[in-house]
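K.L.:
Take this structure first; my questions come after.
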Amino acid sequence: MSAGSAHMPEKLVLGAVLSSLSFFCTAVVSALAKAAEVLTSAAVVLLFQNLICFLIILPFVLRGGLSSLKTEKPGLHVLRAVSGTACWYALFVAITMMPLTNAILLTFSAPLWMPLIARVLFREKVSMATWVGAAIGFVGVIMVLQPHHQKFNIGALIALAGALCLAIALMSVRWLGATEPTPRILFYYFGISTVLCTPFAIADWRPFGVGGSIYLIGIALALLMSQGFIVLAYRYASAVKVGPFVYTVIVFTALIDWVLWNHVPTLLGVVGIALVMGGGVIAVLRKASGCQPVAVA
């Protein structure tokens, strides 16, 4: 065994820890957003999330000069920003209508949609194992929704729409990651997203006071930490190894939802969550490549 291979297990563990920390921060973003939306609107939360992140990373990006912002893929940057912003907005609206865990679960069913999008829109070949994983995951989604047990929640439909947007965002990040450096990807994402959110925030403006300001700053910092941890994770482990840890966000969110909002999932819901996570892991493992996606959206 070579020296390099001897160190590989330790790097994989570090990659797993960093990835889990990233998705813990994502769970914190969602929880803070749910709390903040008592004080202001989802559009305002999303605007300041992106604006604060943009202002924080701007000095670091500009250190490389304006030439570092030159891109040959403006369309992909716009696609990523539009789909990512739509995903976050859908999630922030959904969490006001349903338990936080369910909203996160449905939104993070995105890997289950990726094979369908890849096949229908981009004519990519999809393996049978990936289809099986997606089917298992969708059974889990149905169990979580429990359509036979209660009226369909419009929040669930919004969260599923967010999942479709997240799937598109993840695919665009994968394509961007092949040639674009991380600072440039983040610069265009937060910059374009800020512009996109501004008119919606103005139309739905609600003053938020000092308490709201603390929530908004916390949301932005947690999101930046999520981005940073996932970038570091991919330095120590491949996408195949780190990708499945995306589903730790559901575990973290369920714990937060239980502690803060006293929401305990039903047995059927727990089984559904397990199926979504299992099916999603299969889909992630089959679709993972050497590219390095940047955080969630």
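Here the Cβ of each residue, glycine as well, is placed from N, Cα and C on the backbone.
Unlike curated entries, TrEMBL annotations are predicted automatically.
Sharing the features that TrEMBL gives for it:
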- 14-145: domain 'EamA' (DOMAIN)
- 154-282: domain 'EamA' (DOMAIN)
- 45-66: transmembrane segment (TRANSMEM)
- 78-97: transmembrane segment (TRANSMEM)
- 103-122: transmembrane segment (TRANSMEM)
- 129-146: transmembrane segment (TRANSMEM)
- 152-173: transmembrane segment (TRANSMEM)
- 185-202: transmembrane segment (TRANSMEM)
- 214-237: transmembrane segment (TRANSMEM)
- 244-261: transmembrane segment (TRANSMEM)
- 267-285: transmembrane segment (TRANSMEM)
K.L.:
Helix, strand, coil residue numbers for the domain 'EamA' (154-282) per DSSP?
P.N.:
113 helix, 0 strand, 16 coil
K.L.:
Select the range from 45-66, 103-122, 129-146, 214-237 that forms the most Cβ-Cβ pairs under 8 Å with the transmembrane segment (185-202).
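P.N.:
Result: 45-66.
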K.L.:
Quick one: find which recorded stretch in 78-97, 103-122, 129-146, 214-237, 267-285 has the most Cβ pairs under 8 Å with the transmembrane segment (152-173).
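P.N.:
Comparing 78-97, 103-122, 129-146, 214-237, 267-285 against the transmembrane segment (152-173), the winner is 78-97.
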K.L.:
Other than its close neighbours in sequence, what residues sit by the transmembrane segment (78-97), given a CB gap under 8 Å and a spacing of at least six beyond its ends?
P.N.:
30, 33-34, 37, 42-43, 45-46, 49-50, 103-104, 106-107, 110, 153-156, 158-159, 161-163, 165-166, 168-169, 172-173, 176, 185, 188-189, 191-193, 196-197, 200, 296-297
K.L.:
Between 45-66, 214-237, 244-261, 267-285, who has the most Cβ pairs under 8 Å to the transmembrane segment (103-122)?
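P.N.:
It is 267-285, which has the most Cβ pairs under 8 Å.
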